Structures are given as C-alpha cells and as structure tokens.
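Annotated features in Swiss-Prot:
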type	residues	note
BINDING	THR237, ALA238, GLU239, GLU291, SER390	L-serine binding site
BINDING	ARG268, SER269, GLU270, GLU355, ILE356, SER357, SER358	ATP binding site
Amino acid sequence: MLDSKLLRTDLETVAAKLKTRGFVLDTAQIDELEAKRKDWQVKTQELQAERNSRSKGIGKAKAAGEDIQPLLDEVANLGDQLEEAKHASDAIQAEIELIYAGIPNLPHDSTPVGNSEDDNVEVRQWGTPKTFDFDIKDHVDLAEARGWYDNDAAVKIASSRFSVLKGPMAKLQRALTQFMLDSHTDAGYEEVYVPFLVNQDSLHGTGQLPKFEADLYKIDKHEEHDTSDRDLYLIPTAEVPVTNLFRDEIIDEDTLPLKFTAHTPCFRSEAGSYGRDTKGLIRQHQFEKVEMVQIVHPDQSYEALESLTQQAESILQKLELPYRVMSLCTGDIGFSAAKTYDLEVWLPGQQAYREISSCSNFEDFQARRLKARFRKGQDKPQLAHTLNGSGLAVGRTLVAVLENYQNADGSITVPTALRSYLGGVEIL
C-alpha cells in the first residue's frame, strides 16, 4: 500500500507514475473523499468540544442549584450527533482505504517504461542454447514416451492443468527441490516450513487481496464444528506465508537482513489464461516452487535485489541451463513490485525463453500493509523493505532439464549438479 500522506500531498505526481503502469488513478474521486473525510473530522472534533463544554456546565449548574435537565438533554443530543458523525467518518475512511488497497506500487525510476512484455529490457544472457543433431522433442513427448507423465490420470483425478509424474521424473523433481534448498541454505538463507493455507489478512498483506481474489482457491467450510470466522485460501506462492511471519512485528535493526527459503506447493486458478500453455507442466493449477524472501533495511534493498537475483541465477548456472535476465517494464511488473527481474530459461522444445523466476523489490509497499517494521535501540520504528524471488519454479526447471539434456534415444542425461541427489545415476 502506498503512503497515504503521499496520496494526500502529491497526488498528481503519484497519478503520473501510475499512468506508466497503465493504471489510471481517479484523482477527482480521491480529492472528493478526502474533502469529505476532513469535513467529518472537523465536525466530529467540534461536536466533541461542544459536548465537553456542556458537560462541564452541568456541574456548575448543579452546584448553583439550577435545573440541569435541559443541559443533560443537550449533552445527550450532542452525543447522538457525535455518534452519527463518527459512523459517517468511519464509513468514508473505509471507502478511502478500499480504494488505496487497489492502487499498485509506484515503479522505481530504474524500471523501464513500457506497455507490455514486449517492452521488457534484456539485461544479460548466460550460456548458449545447445544445437542438437537429431529431431528434438518437448517435455511432454519425452516424458510420455517413457511412461513418466500421465495427463489422463490427472484429469480423471482432478481436472485439466494438473499432472501425475511417475518414476524417474518424480524423483528428478524431488532432486531438483532438494538441490535448490541446499543451494540457498548454503548461501545463508534459513529454511522454513510454513502453512499452505492462509487467511485474508495474510493475502492482503502481500497484495493478493483484494484485487486478485479470482486467481485464488478459497476453501468453503461446511463442517458444523468449524467455528472459525476467518476464510482460508490455498497459497499462490510461499511468498505469502513467509513474508507474513513478520506481520505486526518490530525487528531489531541489527538482525537485518533476514533471509528465508521455503519449498511449497502453489495453487492458482490461472484466471484469464484460457488457451495458453494447455499442454504439459508450464502452466498448472498446482505446482512446486522454492521461494526466497528477504526483509532488509530500506537503504540496502536494491543491493539486495541484485543479490537475490544472482542467487536465483546460480541455480540455473549450476544446472548449466541457458537463460536470460529481463528487467520488466512498468506495464508488466506485478501489482506490489517497484522493480522486477525475470529469469527466462531456454526451452528447446519451444525454441523460446520462458519465465522460470521472478525477483522483485516491493520497497515498503508490503511492509506498510503488514506493519512489518524495524528499529535501532529505542528509536522510532521504521517500515522495512521486502523482497522475494523464485529459486526456482520446480516444474519449469524440470521441463528445462528434460528438454536441454535429452538424447537421441529419448534418454535424459542427469546434470552433474543433481547426480548426488539421484544416487549417482547419470542417465535416466
């Protein structure tokens, strides 16, 4: 969430920056609501002062032996008016906060200005796409030919956009997950295990609610014994529960930066992606991801973004998978992000680079919603900066390994970095 003071004092500048994201801020509506809020605030203060004054007069009138009933009636009437004013003021404030909750973050000055993914800027490439001397297959054809992938079973059990992996392919996915976690913990990240179901406060804190509820899976509660008054949702990413570890917390500045990694399944409805990547593991309702989250001092967040991105890159480099780093433009960055790098891995089966990681600096946007703060000694608490990045999307990494390491006979050479996780096996 943006700073409400900034929205009140520099609304036109905010609107101009948001316009580069393709977001049109209704400044007239905000001005009107802010004017109403101020009017009700003044009226409430005036009624409060008047009631206090009349209340003091009751004591004096009583001491003088005067009839105090008229004063009591006036105070009661003022109390009713004050209650109405407070309700009106609260309603206006709630309307303002709902609007503010739907406003995306301001892009950082270094974020390229553009309208769509076509305007994203390549920062660097690593590795060279392999040239094959045989007709290559995509990951679905490779896996189905070996009996490792069963889409029909997944549709029978659940629906489309789910997968059943078998034998070596299931083991390879597990090996990738363990390899990623080990790489991150070796680099100083603390591994955490977190809930896969979260409440509305958690999703609001990281920016998924209220704007993106259609992308989430909400749990309907039917049991009579369930007396919980909180709706729960399946997590779309580990970013949500891990970052929310620090909701309503004040952290000692000396402990910063805090770095965490977690492996979780992720669940997304993929609303709006009808007809895209319907085949295989690229776009699923349920998928595995290893996530990295950092809580840092505001002065260090852009240095942290570079470090976070390089850590995600290190996984691809160890697996010797060609990739490129893209700086997302203002029209393509996520709702909560100020700056984002996407890592795109080369997929021979598609003859294209595809996203495999997104690394973002949210500055204080999430922290303001979360009330995630830090302080030095007894100083006043300050909002921290939050960052997160995929390290990596496990299913897409599995796709990249299968397609880049395929052999003419349909076998798969195991990347050197993974062999110790598969008992030394070199060929699948």
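Quick reminder: no glycine exception, Cβ is built from N, Cα and C everywhere.
Positions of Swiss-Prot features highlighted on the structure.
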| residue | record | Cβ within 10 Å |
| --- | --- | --- |
| THR237 | L-serine binding site | 21 |
| ALA238 | L-serine binding site | 26 |
| GLU239 | L-serine binding site | 29 |
| ARG268 | ATP binding site | 20 |
| SER269 | ATP binding site | 17 |
| GLU270 | ATP binding site | 13 |
| GLU291 | L-serine binding site | 30 |
| GLU355 | ATP binding site | 16 |
| SER358 | ATP binding site | 23 |
| SER390 | L-serine binding site | 27 |
Study note, to complete from the structure: All chains considered, the count of other Cβ atoms within 10 Å of the Cβ of SER357 (ATP binding site) is 29
Practice item. Determine, using Cα-Cα distances only, which of these binding-site residues is closest to GLU239 (L-serine binding site): ARG268, SER269, GLU270, GLU355, SER358. Key: SER358
Check your understanding: Neighbourhood of the L-serine site (THR237, ALA238, GLU239, GLU291, SER390): other residues with Cβ within 8 Å of the Cβ centroid, in order?
Key -> VAL240, VAL242, ALA262, THR264, CYS266, LYS289, VAL290, MET292, VAL293, ASN388, GLY389
Point to revise | Euclidean distance between Cα atoms of THR237 (L-serine binding site) and SER269 (ATP binding site), Å | key: 12
**Study point:** Cα-Cα distance, maximum over ARG268, SER269, GLU270, GLU355, ILE356, SER357, SER358, record's ATP binders, Å
**Key:** 19
**Study point:** Residues near ILE356 (ATP binding site) in space but at least six apart in sequence (CB under 8 A)
**Key:** LEU316, TYR323, LEU343, GLU344, VAL345, SER390, LEU392, ALA393, ARG396, THR397, ALA400
